[in-house]
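*Asks:* Below is a structure I'd like to ask you about.
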Amino acid sequence: MGCGISFVKYVLFFFNLIVALLGLAVVGIGVAVLLNWTAFKSELEGHITVAPWVFIVIGAIMFVIAFFGCCGAIRESHCMVVTYAVFLLVIIIVQVALGVLLFAYQQNLKEALVKSVDTLFEKSRSDAASKTVFNNLEQQLECCGKYSAADYAFLVPKSCCSKLGVTGQLLGETCTIADANSTGCSTKVGEIYEKWSKVIAGIAIGLACVEVVGALFSLCLANSIRNMDRRYASSQDPVDKPSASSGRPHRDVRPPAWNWSMGSIGLTS
């Protein structure tokens, strides 16, 4: 294997090692979000609570694909490298499809998220559990009410006043409309979605470019491994046997046997 292909081999190995670690990190993010939002799962609709599971699944897929890339590169396995390349190409196609769908239904997704927050706010007026959940949402996002503090009339909860802090709440300070967070939670969720959807789109484009390079490298390495196997196969002779470790042939160098028949000394192969 030439220096150029050896370089590709180790670049592919370390690249996939990084991807495997990133995959584990994405799984960790999904688990962390899932644990932090446990209190909201029973109140928020399914298309919100499914997001952490999407992170976990994506991270697991990244790890499995990177595993094939690492093992295929370091073992010089044509089958594993080709499998890795096929996986990458499938992932690229799926990413492009999801990007198109996200762009096409961007407004619909935003409206669905806002509607979920609106529904939770209306339930919080009559249900104590929903009220607790919505107040926690107000504290985390630093928002107030559905669209503004005016939704509460004169009874503004302390969760709307992030300026009070923990000390102010413990001292029993009241929260007024003038002191409350000015942005409503429905508006805040819509803003967060618009911000992060663009960030996710940029990350997806960057990942797709990196994945294309990885697919090209893996196909180049797979082609080199196949050509090397063919050269070994074409150079075989009857005494060549395949190596148990690599599957490639090696020369049988057994010494010749002595023949003492008929009173003559000869060599037999």
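Just so it is clear, glycine is given a Cβ too, placed from its N, Cα and C backbone atoms.
Automated prediction, rather than curation, is the source of TrEMBL annotations.
These numbers come from a predicted model, not from an experiment.
Annotated transmembrane segment per TrEMBL: 12-38, 50-74, 81-105, 199-222, in sequence order. Sequence annotations record features per position, and here TrEMBL assigns disulfide bond to Cys144-Cys161. For 232-269, the entry in TrEMBL reads region 'Disordered'.
Mind running through what each feature is packed against?
*Replies:* Sequence-distant contacts of the transmembrane segment (12-38), counting only residues of its own chain at least 6 positions beyond either end whose CB sits under 8 Å from a CB of the stretch, comprise 44, 49, 51-56, 58-63, 65-67, 69-70, 73-74, 81, 84, 214, 217-218, 221.
If you look at the transmembrane segment (50-74), the same-chain residues 6 or more away from its ends with a CB under 8 A from one of its CBs are 9-10, 12-13, 15-17, 19-20, 22-31, 33-34, 37, 80-81, 83-84, 87-88, 91, 214, 218, 221.
Neighbour count (other Cβ atoms within 10 Å of the Cβ, all protein chains): 25 for Cys161 (disulfide bond).
Residues of the same chain lying 6 or more positions beyond the ends of the transmembrane segment (199-222) and with a Cβ under 8 Å from any Cβ of it are 5, 8-9, 11-12, 15-16, 69, 72-73, 78, 81-82, 84-85, 88-89, 91-92, 95-96, 98-99, 102-103.
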*Asks:* Looking at Cβ-Cβ distances, which residues of the chain lie under 8 angstroms from Cys144 (disulfide bond) while being 6 or more apart from it?
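*Replies:* For Cys144 (disulfide bond), the qualifying residues are Glu138, Asp151, Tyr152, Val156, Ser159, Cys160, Ala180, Asn181, Ser182, Thr183, Gly184, Cys185.
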